[in-house]
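Data first, discussion second: the structure below is written as structure tokens.
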Amino acid sequence: MPKNSKVTQREHSSEHVTESVADLLALEEPVDYKQSVLNVAGETGGKQKAVEEELDAEDRPAWNSKLQYILAQIGFSVGLGNIWRFPYLCQKNGGGAYLVPYLVLLIIIGIPLFFLELAVGQRIRRGSIGVWHYICPRLGGIGFSSCIVCLFVGLYYNVIIGWSIFYFFKSFQYPLPWSECPVVRNGSVAVVEAECEKSSATTYFWYREALDISDSISESGGLNWKMTLCLLVAWSIVGMAVVKGIQSSGKVMYFSSLFPYVVLACFLVRGLLLRGAVDGILHMFTPKLDKMLDPQVWREAATQVFFALGLGFGGVIAFSSYNKQDNNCHFDAALVSFINFFTSVLATLVVFAVLGFKANIMNEKCVVENAEKILGYLNTNVLSRDLIPPHVNFSHLTTKDYMEMYNVIMTVKEDQFSALGLDPCLLEDELDKSVQGTGLAFIAFTEAMTHFPASPFWSVMFFLMLINLGLGSMIGTMAGITTPIIDTFKVPKEMFTVGCCVFAFLVGLLFVQRSGNYFVTMFDDYSATLPLTLIVILENIAVAWIYGTKKFMQELTEMLGFRPYRFYFYMWKFVSPLCMAVLTTASIIQLGVTPPGYSAWIKEEAAERYLYFPNWAMALLITLIVVATLPIPVVFVLRHFHLLSDGSNTLSVSYKKGRMMKDISNLEENDETRFILSKVPSEAPSPMPTHRSYLGPGSTSPLETSGNPNGRYGSGYLLASTPESEL
């Protein structure tokens, strides 16, 4: 640098350097920035090319419309869990009582952290790796862990889409193939398949025809070729939807996000017209208040909030990074959260209406079967006819009449009653039978549909809805993998996306062997939950305690044009971290108290049995959790001991279209840029613009005190918060 330059003079001067790059540039002669690039670092050749590449990043893809973006966020957050996990948790955890902890945690954890992820993605305009690298370089491993968790979830989630595809194609026949048990011939005698007769037609079809499941996770049994083909179809659909990024996935969202609501509305109307639907809905909304005091219920509600909103996966950040800087992400957070909760409640109404119908049918079937037993006992003089009330008519036996007869027999024959094998046939017992996850969709709900008029039509609609719900979530999951990698390492988008899909399909073959369903349980219930909770906690800490809640609130005020509610200040700073710390502790204790296991289908018993994971499976499970969380401490250690550059000691400034752009390059430690910035490498400026500090709740907005019509520096040039942002 010339000795008479302003910078050199200031370097040798005794004055404290306080002026920023923009202040110095304001003193220079006007530059024709349309034709030139000013590089403060003095870089040439390859480094100038790097600057131009950063400038080209201004052409980052953007959503075609706000509607497309909202549908993408809804498609990602509203998934299969809203259809089967939320209703199951309601059924298991006290009906309407479960809504209380869920709503409380949604308000104090879900919405604030969802807003946080939307805001950082929109502000920094990078995927999860770039966002957390900028906010806190030492916690940059959060982004890599998010990508790994997305990979784990995507591996098994697309298998579920494959199952839905299998059922979808099987639905185009009448009667439905799972409506009756198959008949096998034993010589000249035709008998019902024993495994099916002991369970039910839908249960048999699910475990034997669809999964052809083995008796334990240790019995591989080889690949299920039908599900392998369905998995290939599923990954082909996902690949075509995401190969062009948001240009292709955004168009898919118009159908995949809206179609499920059409189906849910049709099922709700149809369900409410079914006999017994009201019984199911009343059962759901009748709260069991003792469940509200159970810590396990609160832990499961918090986990459901995380998965429902997609917190920690990186998909929310990836989608919001394609927004304009002035987008009102606060409104988006509230809207998407409300729609997500509304969808869960709507799906629960549909499920319980249909399950109420199914419970009535099963209860009537129970009454008929037990009435036949009683008639047999009467004909063989095991029971006296004096025990039967005179008004009871076996030809038109009602549930009430049966219960009266049952109670009389139980009272009179108290000593021999158990030997009679009579069931009480209570509707409440049928409604209390909780069916978890895939069992709710592929067994309970599927069985109920077999009793619908035009059952193939409803089955086609139902499984097409599941495919679209899964596709919307998979698009967001893939965005959580591809967007940060493409942003950080500049790999070709199409080639990398196709490579990810091929790799995931090959690894996903683990889930389509005969024991594959047990591995789905391992990944779904254990491998992603603990790492995801840790990721969300560290995201909150990185913004609220390291970057600073006041500073972050100030940045949001400038980006949104209004000050967010002080509610978020307290949630980010105190309430959310504390609640999540308690949740993490409870999850670890739960794993210690109850060893991880799975429900195995035993063919000889035609029933499920809970088994603990063997030692090798436990080792695999621990390895998955370690792999998902390992990038966080590794990146922290490497950057703490300066073994990995965080880019904080480098800066190049360029003009283009009236903006100053920041480019990360490798400069010498004694580069004169440090003197321009008046900072040592560890004190590099934040990627977000520095303004008057936000003073916390109740303070005056920085926008209200700004009186400079030409921007902060009065020169017409604005310092960007990120390489691509425009303020």
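Just so it is clear, glycine is given a Cβ too, placed from its N, Cα and C backbone atoms.
In TrEMBL this protein carries:
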- 69-87: transmembrane segment (TRANSMEM)
- Gly75, Val78, Asn82, Asn340, Leu469, Ser473: Na(+) binding site (BINDING)
- 99-120: transmembrane segment (TRANSMEM)
- 141-169: transmembrane segment (TRANSMEM)
- 225-246: transmembrane segment (TRANSMEM)
- 258-278: transmembrane segment (TRANSMEM)
- 301-322: transmembrane segment (TRANSMEM)
- 334-355: transmembrane segment (TRANSMEM)
- 457-483: transmembrane segment (TRANSMEM)
- 495-514: transmembrane segment (TRANSMEM)
- 526-547: transmembrane segment (TRANSMEM)
- 567-593: transmembrane segment (TRANSMEM)
- 613-638: transmembrane segment (TRANSMEM)
- 680-727: region 'Disordered' (REGION)
- 698-709: compositional bias 'Polar residues' (COMPBIAS)
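Within the same chain, residues 113, 116-117, 120, 132, 135-136, 139, 142, 145-146, 148-149, 152-153, 303, 306-307, 311-313, 572-573, 576-577, 580-581, 583-584, 587-588, 591, 596, 621, 624-625, 628-629, 632, 686 sit at least 6 positions outside the transmembrane segment (526-547) and bring their C-beta atoms closer than 8 Å to a C-beta of that stretch. By number of Cβ pairs under 8 Å, the transmembrane segment (457-483) is matched best by 141-169 from the list 99-120, 141-169, 301-322, 334-355, 567-593. Counted as Cβ pairs under 8 Å, contacts with the transmembrane segment (99-120) are highest for 301-322 among 69-87, 141-169, 301-322, 334-355, 613-638. Touching of the transmembrane segment (495-514) and the transmembrane segment (613-638) is ruled out by the presence of fewer than three CB pairs under 8 A, sequence neighbours closer than 6 excluded. Shown in sequence order, Gly75, Phe76, Val78, Gly79, Leu80, Tyr157, Gly310 are the residues of the chain, 6+ apart in sequence, with a C-beta less than 8 angstroms from the C-beta of Ser473 (Na(+) binding site). Sitting within 8 Å of the Cβ centre of Gly75, Val78, Asn82, Asn340, Leu469, Ser473, and not among those site residues for Na(+), are the Cβ atoms of Ile74, Phe76, Ser77, Gly79, Leu80, Gly81, Ser257, Pro260, Thr343, Gly472.
A C-beta separation below 8 Å, combined with a sequence spacing of at least six in one chain, links Asn82 (Na(+) binding site) to Ala308, Asn340, Thr343, Ser344, Ala347, Leu469. For Val78 (Na(+) binding site), the Cβ neighbour count at a 10 Å cut-off comes to 27, with all displayed protein chains included.
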